[in-house]
């Protein structure tokens, strides 16, 4: 009975332990299940996000493919247009070159024809040009000769007038020199006469004063000298008054007057 009792105790203990372990396992399984469930939900959301992004990427790729198709079509059109434009430019240049070559050919033909015509007409043309040039030169020479003759006559008349004026000025100068010479001679003669009279009067007066009053001889001499000087004053004015022409020239000095008298 004890053994059975012990066995029942062990059985109960094992059952309790098993029950506890089962509970722990269930809890761990529930925790793992919840974790896996949450992870599955997150993975579902991530998958939905990836699907959305893939759709967007597909749309972007589709749009880019459309844009690339449009660009390719545009490039094809531009290539075709450029090729056509190059062909058109080449055709235009070729047509222009043909036109220029034709014009050059026609110009060369015209030049040859003109040279031939010019070689035929050159003789008559040269004669006509020489005749026209000669007549024009003769007209110009005659006109210039008439103009120069008129100018020469005017200059000769001006020269004659200038010569007549010079002769008149020479005559006036000679007349003025003669009048000046006469005026100078009148002034010199008057000065000489006054000087001689002064010398004679001073000599007689000095002899008389030396006999009577030798000390008072200076005063009368001064008075007489002043009188003679007063008498000498009017002579230049009289000579100037009698001169035919008044000149603003300084009076000649005593030495120049003596030289003129000695020359006369």
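Cβ atoms are placed via backbone N, Cα and C, with glycine included.
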Looking at 26-53, 54-81, which stretch does TrEMBL describe as coiled coil? 54-81
Residues flagged as coiled coil in TrEMBL, choosing from 110-144, 145-179: 145-179
Sort out the residues at least 6 away from either end of the coiled coil (54-81), same chain, that have Cβ-Cβ distances under 8 Å to it, and list them. none
